[in-house]
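Listed in TrEMBL for this protein:
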DOMAIN    B:18-82  domain 'NLE'
REPEAT    B:143-165  repeat 'WD'
REPEAT    B:170-201  repeat 'WD'
REPEAT    B:219-260  repeat 'WD'
REGION    B:252-290  region 'Disordered'
REPEAT    B:293-335  repeat 'WD'
REPEAT    B:380-422  repeat 'WD'
Amino acid sequence: MGASKKRKAVTRDVEEEAGVFSGDELNANDLDGALSDNANDLSDSEDDGSDSEIDLVDEFSDEDEDDEELDSDEVPSDDEDLVKKTKTTATKAVVLDRTSEDQDENSSDDEMPNFRIEKDANGNDRYVYDEINPDDNSDYSEVDENANTIGDIPLSFYDQYPHIGYSINGKKIMRPAKGEALDALLDSIEIPKGWTGLTDPSTGKPLELSQDELELLKKIQLNEIPQEGYNPYEPTVEWFTSKQEVMPLSAAPEPKRRFVPSKHEAKRVMKIVKAIREGRILPYKPPTEDQEADQYVAKYDLWADEAERPDHPMHVPAPKLPPPGYEESYHPPPEYLPDKKERKEWEETDPEDREKDFLANDFGSLRKVPGYETFVKEKFERCLDLYLAPRVRRSKLNIDPESLLPKLPSPEELKPFPTTCATVFRGHKGRVRSLSVDPSGVWLATGGDDGTVRVWELLTGRQLWSVKVSDEEAVNVVRWRPGKEAVVLAAASGDDIFLAVPPIVDPETEKASLELLDAGWGYAAPNPALSAADANKTTTPPQWIRPSSTLTEAGVCAVIPLKYVVKSISWHRRGDYFVTVCPGSSTPASVAISIHTVSKHLTQFPFRRRIKGGGPPQTAHFHPSKPILFVANQRTIRAYDLSRQLLVKILQPGARWISSFDIHPTSSTASGGDNVIIGSYDRRLLWHDVDLSARPYKTLRYHKKAIRAVKFHPGGRYPLFADASDDGSLQIFHGSVTGDMLSNASIVPLKVLKGHKITGELGVLDLDWHPREAWCVSAGADGTCRLWM
Amino acid sequence: MDSLSSAAASSQAVQRQVRVQLTSKQEDIALPENTGPILVPTGLRRYALSTLVNNLLGSDKPIPFEFLINGTFLRTSIDEYLTANGISAETTLEVEYVRALIPPLHIASFEHDDWVSSTDILSATSPAASWASSAVSQGQERILSGSYDGLLRVWDMSSQILAVSPAPAEGGHSASIKAAKFVTPNQIASAGLDRTVRLWKYVENDDGFSGKISPQLELFGHKSGINSLAVHAPLNRVLSASNDHTVGFWSTKKSDAPAAPEEALPSKASKSSKRRKLNPSVSTPQRGPLALFSGHTAPVSAAIFDAKDSTVGYSTSWDHTLRTWDLVTSALVDTRTTSHSLLSLEHLPEVHLLATGTSARHITLIDPRVSAATVAAMTLRGHTNAVVTLSRDPHSTYGLISGSHDGTCRIWDIRSTKTDKDGVVGESVYTISRKSLEEEGKADSKRVGGEGVKVFGVSWDKTVGIVSAGEDKRLQINRGEGVLPSKI
C-alpha cells in the first residue's frame, strides 16, 4: 500500500517538472534535454532492475532511511538541481522495490531452521524449538468446555444410555429431556375443579367459579346477552301506523281566538310597558357578573390605537372592499337582473372564471331574503386575503416600450443601397467561388469550380474574357490589383497563383501592366541556386515561373507555385504586395501565410511558427492605410505591425470558426480606431471596434446558415457593409463610423437580397462592392453571379 | 349644337353638368367651326369625351383622343377631376384634345447572331435624312444595328440584311460595338469596346437589295470602351462617351481631324498587335480627337448635342453628374449632380428638359438652364432595372421612350402624371415587352434582372416606329398603326 502511494507521488512529481518546462520559454535544446532525462528516470524506476536489488541489502540495515526518503520525496527543495533530483528518484525507486522483496521474504521462510541446538546435561544435542505462538490468524481456536468429544461416530450408539457422550473433561453429557417426558410430568400434577389461580379478595381463599358462572363470563366475553332465552329478533308490533292519512282527524273550523289579539297578552305587554316607562325594567341589562369576569380574559383590540399614519412608501394599507352597488341589493332595478341566458352562462362558467361571485336577485322584500349561504366562506377568504396576501407597493414603470428601442433611422433615409438584382452573370459551370470588381468599376472578374477565370462587363453581364487556368482544380479566389495605372488580376487555383493581364484594356495600360509584372523576372536570378537539401525543405520560398504558352497567349503572365492550396488573396493598397493564405490543415505552419512582392517576384513566409490557439490561419488582410497585417485563424484575429514586427492586437470575436473578415476602409483615419467586421461559419456577423475591446461591439445573428464572406463598401463613400451566407441570401447593413471617439458606430440592417439558389447546401460564396457606387455583386453556388443595385 | 347639348342634358338631368371648351392645336382634327362651350355631364370619362369629339368632327372612322386639362391628362371622370383639383362646376373648362397614342404593336423581329447593342433608323423623317441633301424615299427605310459580335448590319423593312460591316481583319471593329448611328444616308458612325470610333461609307446598289459598308475613317483617342455616340451631320461632328471618364469630340472629315495620338494606336502595344494581327489588307486613315473633355470622374455613359444649339453638348456619367459642354471652346459650362449613376441621356428641346435614365430604375428630367432652381424637374418611375437608352417621341414634344435592362421599353408622356409620396411622378403610357419572351410562352414571367431580354438600344421614328435592340439577339419593331396620320 505504502509503496504504491509513494510510487504515485514520484510520478506526479516528474510530470509536474515536465509541465513547468513546456510552459516556460526555454530554447528547444534545453527543453529537449530536460524532457528526455526525466523520461529515462521514469523508465528506470519502473522496471525491477538488478541494481536496485543490490541496493536493497543496504536499505535493510536501517529502517530510518525509509522515512528520510519519504521526507525528501514529499517536500522537494526548490533549488534542487536536476542531477540530484534524478538521483533521489533513483533511490526512491529502490525503496519502492523493497516491498515487493518483503513479500518474497515470507515465501523463503520455509528454508530457514525454526529450532536451535543446545547442549543438554548429557552433552547431547538437544533441539529446542521456538515457542509456537499462534496469532490471531492461526487456526487454533478456543475449545468449548461442554463440547461432545465422542468423535465422528453416530449418536445412535448411545441410544440405550442416559448420556450421549463425554465432555472434554471426561464428564458424561446427559441426554436432554424430550417433549413426552414433560407431558408426562404435567399430567402427573392434578388441577382441582373450578381452579382459576385467583384469590377471592373477600375470603382470602382461592377463588373458585362454578360452571354456570364460567358460562356467563364466556357469554359476556363474546358480547352476547347473558340472559337465557332472550330473542333479540322478535317481530315488531305496530302500535302506531306509519302511514299518513289524507284527511285530518278533525274538520272543525279554526276558532276565533286564533284571529283576535289576546287581551291577556295585551294586558301583560302593557304591564311591561308601564314598568319600562316607570324605570322598573331596564331594557338593556347592565353587564352581568359573567361578562365582567370575561374582561379578565386577555382580549386584544388590534385597531384600538390605530392612528392615521403618514403616507410612507413602506406602509401599505389593507385594500378596502368596494361598497355594494345596485346589483347587491335585495331588490335591484330590473336592468340589473340577469336574463336567462346570462344566468345560464354564469352557471356554466367555472367559479374561478366568473366575473362576479353572485347573481343579482330580486327578493321583493327584505324578509324574503334567505340566509346568505356563502357568508362564512366569503369572510374566511377576505381574512385570508388580508393576512396572507403580501402587500407590496408595485412601482409601475411608466415607460413606453418603443422608447427603449434604439433610434434607428429608417432604411428610406439611408439610401442608396442595393435593393434589386440588376444583372445575372451566367456562364460558369459549377459553383462560382470568388469574384472581384475592378478598381475602375467597369469589369467583374469571377473564378469558379470549372477552373476558369472570367471577366465580365459589369452593367450588361457580357463575358469579355475567359481563361481556363486549371483542368481539375477549382479557382478558389480572384482579386484585382488595386490602383488604376495597371490592370492585373490575381487568381488562385489549386496550389498555384496566377497573375494575369486580361486583354480588355487599352494598349497603354496593358503595356504598363505587363511591364509591372515583367519587372521582377530580373530579381529572380540573383537568388543563389538552391542545394537539393534546401529545395526539399518546405520553407524554401517558391520561384515564380512563366506560365505555359497557351496561358501566356490568354494573358497570364506569371505563376507562383506554392505547393499548398491557396484560399485567400488580399492585395496591399499600393498594389505591390499581396498576402495569400493556405488554410489547409495539412499545410505546415511556416508556409501557410505568404507575402508576395510583385516588383521583385519574391515570395516570403513571414511566420515561422503556427499562431497559438485557434487552428490554422484562415485569411489575412493588409490594413487599408497603416503597415499592419491582420491574420485570422479559426477563432482569433491578430494584428501585426509590419514595420516594428510586433503583435499589436488580438481580437477574440468568440466565433467558433471565422470565415472571413474585413477592415473598415476609413475608420482609422476618421475616428482614430479601426473597425472590423467578421463573418463566421457559426452564423454570426460580428462588428469589432478594435480600440474599444477585444470582444465584439455588436453581434448580428440574422442568417440561418454559415456566413461565407463579409465586406465593407470600399473607399468609405457609402457607410455600407454586406455579408453573404449559405442560406442563399445577402444582407446589407448600414454601418457608419463617426469621427467622435465617444459615440459608437451605428449599425442598421437594411436589406436582405435573395435570389441565389441553394445548391448542395451552399448559397452565396463571395461578394464584392462596386468601388464607387452602392452596388454589390455576389457569387453563388448555383453557378451565377448577380449584380445588385 | 344646342340640340345635342340639350339632348345630353335631358338624358342625364340628374347629373351635374359642366361647361367645356374643346380645343385642339392640330389643324386636321380641329373642330369645324368655332363651337362655343358645350355643357357635358361630369360623369364622362375619356372614352365618352372621345366619342363626343368624333361625333362633332363627323369623322367616319373614329379617332381615339386624349384630353388635357391644365396640362395633365384626364385619367378619371370629369367629376373626380373637379373634386380633386377643387374646381367649381360653374366654370368653363378649357379642354385640349390630342390624338391618343395607339398601343404599339409588334411588327417584326430581326434575328442576330449575338446581342444587339444599338440601333438607328434611316427614313424620310429621321435626323440623318433631314440633314442630307437627298431625301430618303418612301419604302426605302433602313435600320442599322450594331452587335456585340463587332458587326454592323443594315436591314430593310422586309428583314433582309442589305450590308454587313467587314470583319476585324478587313478593318472592322475588333470588339463589341456599343453604339451605331447614321450620320447621313451614306455614312455610318460606330463605336465600341475596342476604343475606336469608326466612320463607314455605306453605298447601296441601284436595285436596293444589297449594299456595302466600307471603312472610311478610324478615330483613336479613347483609353477605354465607348458607350455611346451622338452625331451632327451639318457640323461633321461626333460626340462619344467613354469608360475612360472622357467625352470625345471628333470630326467626321478626314481633313479636319488631327493626327491620331501615337500611344493610342494598337500597333504600339507589342503584345496586342501580335495577337490581333491588325488589318494587313485594308489601311484606313487614322485620326485623333478634336478634343477630349475631361471632367467626369467615372465612366461617361452618354453624350449628346443640344437639339437646338449645336455648339452645346451634354454628357452623363456614372459619377452622378450631368455636364454641359461648350463645344466651341471645349469648356465645361455647368455640372448638375444627382443622386444616382446616370446611364442615358436625351434632350427634349421644346420643354427645355434633359431626360436621363438612372441606375436607380427611373428617369430624371433635368432642366439644364442655369436659371433652373431645382436639379430634377420630374421623375418618371416604372422600370424595374437600369434605364440605359432613351429616344424622343417624333410625334410629340412631350413624349419619349426608354429602354431598360428589365427587358421592357416604356413610352412616357411627361403630361401623364400621378401624385406620389415623392411628389408628382410620371407614369408610363405603354410598356413594350420583348417578343422573344412571348414566343417562349413566358410573357407573364418576370425575368430576374432582365436576364436574356435586356434592352440595350431604342430608336423611335415617325415612319418606321419603335426599334429596340436587346440581349435576346433581336431587333424588335413596334408600331402603333393608328398613330400615323399619313396611314402608311
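Cβ coordinates are placed from backbone N, Cα and C, and glycine is handled just like the others.
If you look at the repeat 'WD' (B:143-165), the same-chain residues 6 or more away from its ends with a CB under 8 A from one of its CBs are 108, 110, 112-122, 172-182, 188, 190, 192, 194, 200, 202, 204, 208-213, 457, 464, 467, 469, 475, 477. For the repeat 'WD' (B:293-335), same-chain residues at least 6 beyond its ends with a Cβ under 8 Å from one of its own Cβ atoms are 224, 227-230, 232, 234-235, 237, 239-249, 341-347, 349, 354, 356, 359, 366, 368, 370, 388. Residues in the repeat 'WD' (B:170-201) partition by DSSP class (helix H, G, I; strand E, B; coil) as 1 helix, 19 strand, 12 coil. Under DSSP, the residues of the repeat 'WD' (B:143-165) split into helix, strand and coil as follows: 0 helix, 14 strand, 9 coil. Per-residue pLDDT, averaged across the repeat 'WD' (B:219-260), gives 90.
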